[in-house]
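Student: This is the feature table in Swiss-Prot:
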type	residues	note
DOMAIN	12-485	domain 'UvrD-like helicase ATP-binding'
BINDING	ALA33, ALA34, ALA35, GLY36, SER37, GLY38, LYS39, THR40	ATP binding site
DOMAIN	505-805	domain 'UvrD-like helicase C-terminal'
Amino acid sequence: MMENWPKKPEGSQWTDDQWKAVVANGRDILVAAAAGSGKTAVLVERIIKKIINEENPVDVDRLLVVTFTNAAAQEMKNRIGEALEKVLIDEPGSQHIRKQLSLLNKASISTIHSFCLQVIRGYYYMLDVDPRFRIANQTENELLKEEVLDDILEEEYGIEDNTIFFELVDRYTSDRSDDDLQRMILALHTESRAHPNPEKWLDKLVEAYDVEGKTIEDLVYASYLLEDVKFQLETAEQHIRKATELAMLPDGPAPRVETLQADLALLGTLSSAARESWTSVYEAMQNVSWQTLKRIKKSDYNEDIVKQVDSLRNKAKDEVKKLQEELFSRKPESFLRDFQDMHPVLEKLVQLVKVFTERFQAMKRDKGMVDFTDLEHFCLQILSEQSENGEMKPSAVALQYRNKFAEVLVDEYQDTNFVQESIIKFVTKDSESEGNLFMVGDVKQSIYRFRLAEPGLFLGKYKRFTQEGLGGGMKIDLAKNFRSRHEVLAGTNFIFKQIMGEEVGEIDYDADAELKLGASYPEGEDVAAELLCIQQTEEEVIDGEEGAEVEKAQLEARLMAQRIKAMVDSGYEVYDRKTDSMRPVQYRDFVILLRSMPWAPQIMEELKLQGIPVYADLATGYFEATEVNIMMNVFRVIDNPMQDIPLAAVLRSPIVGLNDEELATLRAHGKKGSFYEVMSSFLKGAPLEEEKELHDKLEWFYNLLQGWREFARQQSLSDLIWKVYGETGYYDFVGGLPAGKQRQANLRVLYDRARQYEATSFRGLFRFLRFIERILERGDDMGTARALGEQEDVVRIMTIHKSKGLEFPVVFVAGLGRRFNTQDLMKRFLLHKDFGFGSQFIDPRKRIKYTTLSQLAIKRKMKMELIAEEMRVLYVALTRAKEKLILIGTVKDANKEMEKWLDAREHSEWLLPDHIRAGASCYLDWIAPSLYRHRDSEILLELGQGSIPDEIYGYDTSWKVEVVDGNTLLAPEPVQEEKQELLEALREKKAVPLQSERKEEVYDRLMWKYGYEEATSHRAKQSVTEIKRNYQSEEGSDNAFIKKLRAPIQTRPRFMEKKGLTYAERGTAVHAVMQHVDLKKPITEEVIREQIAGMVNKELLTFEQAEEIAIEKVISFFDSDLGKRVLAAKSVEREVPFTMMLAAEEAYQDWQGKSGESILVQGVIDCMIEEEDGITLIDFKTDTIAGKFPGGFDQAKPILEERYKVQLSLYAKALEKSLQHPVKEKCLYFFDGNHVVKIEE
């Protein structure tokens, strides 16, 4: 095949593998692109090569390019556009390239959801959806789900003899609420939607519990758990073998070898049984009997070795004991009874999920909205149809897309899910060996399993495809990294060669997967990767787990602050690729990566204390902000003033300003009843002299509260919020506090959030507050408003997920000692794509519950997937660094942890034993054992090479491994003597003398006045419309006159207002029609209607705007004398933009500045016609006239002439300047009444 592909050009910078990825053709291709390997450049080059191919060029709109984010899609379009423009410079006459540039904007280069949207918009008639549907936001979606689920459960509770439902409720809800049941239904709904056929997946889930006529060996759960049994028995055998080796050492307890050999025989028997069947293992486990260790005189042997032997044997026995208790304490048939008992309950649960899905879809359909999963499923529904055997096959639409797309290219393929894979499959060729699917990704960077991404899709193809592409698809490995120094790459490889394998990690980190150096850097100092392990002594640990976490965050933050400050102050150098030289490091070159953001606030605070600018896009802390908390309490009180805690919080806040004594005084006036009732009662009576101030405060607030409550019933939530801000003065108040801009930004975010909420189909303060409470219950806080831009010279703190795709010269990866988040494994029920549903067996009558086989299998499977995912997350973190990688973790007892980690030194293989890798509870449990097998750890360990092979011990990588004493980090820093004196003076509020040589310069700058003050009060650039308004004084304008003539009409309440377009939107729509109406065709209703429909298709008008166009008024214009002149004109120009310079005094009546100043004026002329005797200017107006003037149009005419005279005069002046011909006539045409007004000077 390779001979038929273009050869790599001489002097090309592409590697052989990159070039292969650019030009390979004729089959499905999977490119495994390692971090920093230039995959985007390869993808763009492949597209360009296809477009400019001389023999078989492909139009860019015949390629489907699927990206992971909208930003990536836009970047891809930009890169393709730039590349095409470069080609055009070399081939300026190429019409083909010019065509591609014009096609680029409508090319299918987008996210999968955007492509789905495109398919649905084109074939909406095949679905039961309104073509004008909108994408629901998360807020609305959550509220709808809650509403639908409440209705369904309420109906179920009302059905008599609903035995199975109440059995389900008894098993999976608490006495207080049915929240757990609701969570189960929603979780099953969400998981099912990640599959191409949700109902089929749900049905399989129920079928798995139908065990009639089956044995335990028939269950998929038992088969999987048997593999786990083998794994644990193998781990136990390794412990015994290690113990035997130690016992046979010269100082070892040799008499115990015989017992250890018996242990090995016992474990061998169990392993043999595990290879046979579940029943065999069960029977073997009932006969387990460990021999008693022979007594020895410990003083005759090395005490440490004896302890190690005994410890290893106990570990082995614990492994077996754990299996006995979890899996083999019950007879096999008892597990089957669990499934039989749970089957009808699970069937009912799935039925509820199906009903929920159906009702939820119906409600969204009624509201004309869809969510992102709907986009995928609707698209799949259009692209597929059912075959005779019930399987999905491509529909006629799918076949059309197959014919259209010459190739489908998928970026970040490792993050694809099952539904997306099906969509891609239906628009590409069936055969992999002759396919047209090009996939790029790195499964080692697949870190979105929580979003239901399925890395197994990538892995399956990677194992199936070959490098030659024989008999199927082709795989290409891009292993060269063009981002990082050798030290970063070698350090990453050294760790991952030891921890990532197929059994534990899902990926074999072999020679093809290793990162290879592709970048060239100048020699650098101090570029070795580092592991800093902080020892947190018992004395330092604050009480409680939460306190310990805070302490760890503080220790790591302080260490990072010290290192950053030292590197900046010392002029540590990094390479600048733009200037091809080394330069001093800046704060923006540093990033601190965290697995999640709970530590970020403490790290930010510590860095700020050290004077280091820092930025983090926090997704938490918003509702904890004092100003937001106070405002939320205000709104809770407006909704229901009987709530004591929110009301007390508001009364105590700066809004009302009661102190503790005043609050107590109020409460003393009524010990019974709510605070609100007591306050109402207090205000009805006459206050005592000493209570008058309290009375005044409360009366002020009470009156405001009544007004707000009334306002909330009639007006919008967002208007209410701004009204509260204004009437309390609280928005201005927080602006004067420290970090005032940030606080005001937070309050604006609350207002914006309310407006977003109101854009949904929900309304009202109560629903809004309930939604916020739901957010807080789920722990989904929002981040505080941004007050610092991302482009500032600051140290950035971000999650590892956020850093994906980014690179930084210096990377700190912190929190490596934090435990993995295994909370999902502890839930009362578990869900898995392959194994379905698993929960405890619960018998509410006997009040017993225990673990089931399905729960154990799913838990084990999920744990192994979690371990694999965490490995990939660590890989992403380490590969963000360009020049310097610093890993930091904190441990409670370094000696104890090191003892555990040093077990790895006893193994001679590159890949650490499965039990070490699978047993990790944090990243340090992988990193430290790996590094402790390298020579650079010997300074710390002083243990020597031992039995570690040379290729591991002497691997070509540089590391600095150090244990840092936490006490040294917490010691206070000394304060310089002069700074101490200054601080003392400030504390005593003494004046501090100004000792600066620039006092005069500072004074001059502060007192300086701008020489063009007048110009600052007027814009240098104006539109014609703004100039027109400037000429209309407030009292003398026609607007004021019209207001006087209008009949007194009261504003219609909002709930009675008709929804529709605004006047401005209607006017824009009419102008658009007048701009695009075809003057060569007959002006009839049918023709105009057809043209309007065409404008909607071209997205020049919306459906709503099209419906509002009064076609008869358009026709009336062309039937008028002026309209006939337009049709008969020599030439007609419409929507003519212009820009001209105008004397400032002409534009501004109040101008008092220098004469000769000019301003830039811009505008758009609706229509100009050229006739034999000159140019006529026409301006279309959609003003409402009928009913506004008692004297009819005769009264309106002089007012309208005056209103638009300046505007048309400027238009005429602009035309005369540009065309060098006089304008003979200026006309206004009013659609309301078919009136023409000629403007005379």
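Glycine too: its Cβ is placed from the backbone N, Cα and C atoms.
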Student: Using a 10 Å cut-off on CB atoms, tell me which of the binding-site residues ALA33, ALA34, ALA35 is the least crowded.
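Tutor: Fewest other Cβ atoms within 10 Å, among the binding-site residues ALA33, ALA34, ALA35, is found for ALA35.
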Student: Counting across all protein chains present, how many other Cβ atoms fall within 10 Å of the Cβ of LYS39 (ATP binding site)?
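Tutor: For LYS39 (ATP binding site), the count of other Cβ atoms within 10 Å is 21.
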Student: Any idea which of the binding-site residues SER37, THR40 has the thinnest Cβ neighbourhood at 10 Å?
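Tutor: So among SER37, THR40, the binding-site residues given, the one with the fewest Cβ atoms within 10 Å is THR40.
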Student: Would you mind checking how many other C-beta atoms are within 10 angstroms of the C-beta on GLY38 (ATP binding site)?
Tutor: 22
Student: For GLY36 (ATP binding site), which of the three DSSP-derived states applies: helix, strand, or coil?
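Tutor: The three-state answer is coil.
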Student: Can you check which residues sit near GLY36 (ATP binding site), meaning Cβ under 8 Å from its Cβ, same chain, 6 or more apart in sequence, and list them in order?
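Tutor: Long-range Cβ contacts: ASN481, PHE482, ARG483, SER484, LEU515, GLY518, ALA519, GLU807, THR879.
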